[in-house]
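Trainee: Input: one structure, supplied below.
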């Protein structure tokens, strides 16, 4: 069973419209404050991050504001990380229908993230450069968090009560059996590096190319089975808020999710990011580029999120503390969510484009043209769209059951499914 299917089996997904309607019917819940901090140490100079807190769903309307945070851990150079940092957000937003309400915008976001990742990958590969990058891309709109990721730059969520949740899936071949099976089914090989004498060393890699990852943006010289299709997860926080820790593998190769979360509880986001990096450095030294972004989603009127670790108290002081806490909760009960847990809205990690884009055809009613679900260009389905005489439906593949794709994006889809050979020699 796939990770995404298992998740849907274990959790009851709550329709986004239900949650938003619940907010509207209850007393008005103010938008949370978003506070953040960032820290980094460079070893190769291939880590990049993105912080944008002034984005607007409706240009000129501050009430439609949302925030974006990203980590881009490059390999074989920094060009893919830089390009993705500069273009991914625009490509994602362009895939969301204009004029969408907030409800519609959030519901369209998971699909738009897939289209944006694939479009960014196609555009970068057309530049002919060979570097690649992991991507962890976080969009925060009110209490709703949407995370899309390829690679191993993890994002965790720490909420009240010390519950730490993983919002990403590591696409490391060493740890992800499902991804190993996908690559071999697509014509790639998975194995360790062979050294003199036939001995195998190091982590599992895919060949050709030698990458330890199964998903990334870029990596032009590696097999096309290294796909840019992200794992996407969308959750809604309780009104008590939560803390995100987004970091490159320079952190996660050293610290577990629980250790990282516990190490910085009670600190501001800025100090928390610095402490996480410092803890990783103290444990094993600077082995790789190390970048950490901490984001606190804080209820309106609160200066901080998580309280500092409780000190030992005598029984009488402890009783008073519990009573004050209960009284405060009762006073705020009408303002805060009755459900003090994270509610899962969406999760999907399939590497099959048809699973992620749906089956509807996006049409331009004024011109009768069809819009490519990935790159958003309008084309006529009756024309020969390719530059080399190919048809919309490749003879090398079964009929495409997803939405309309232009020739370039159709070829990319076929390549990702192993229907076109690809050679490479890049190792990282």
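Any Cβ shown, glycine's included, is placed from N, Cα and C.
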Trainee: In Swiss-Prot, 73, 288 are given as binding Mn(2+) 2, so which of 121, 249, 258 is in that site too?
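Mentor: Site partner of 73, 288 for Mn(2+) 2, according to Swiss-Prot: 249.
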Trainee: Reduce the DSSP letter at residue 73 (Mn(2+) 1 binding site) to three states and note it down.
Mentor: strand
Trainee: When DSSP is mapped onto helix/strand/coil, what comes out for residue 249 (Mn(2+) 2 binding site)?
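Mentor: In three-state terms, residue 249 (Mn(2+) 2 binding site) counts as helix.
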Trainee: Could you list the residues of the same chain, at least six apart in sequence, whose Cβ is under 8 A from the Cβ of residue 288 (Mn(2+) 2 binding site)?
Mentor: 43, 44, 248, 249, 250, 253
Trainee: Taking the Cβ of residue 73 (Mn(2+) 1 binding site) as reference, which residues of that chain separated by at least 6 in sequence fall under 8 Å from it?
Mentor: 46, 47, 81, 133, 134, 151, 152, 153, 248, 249, 250, 289, 291
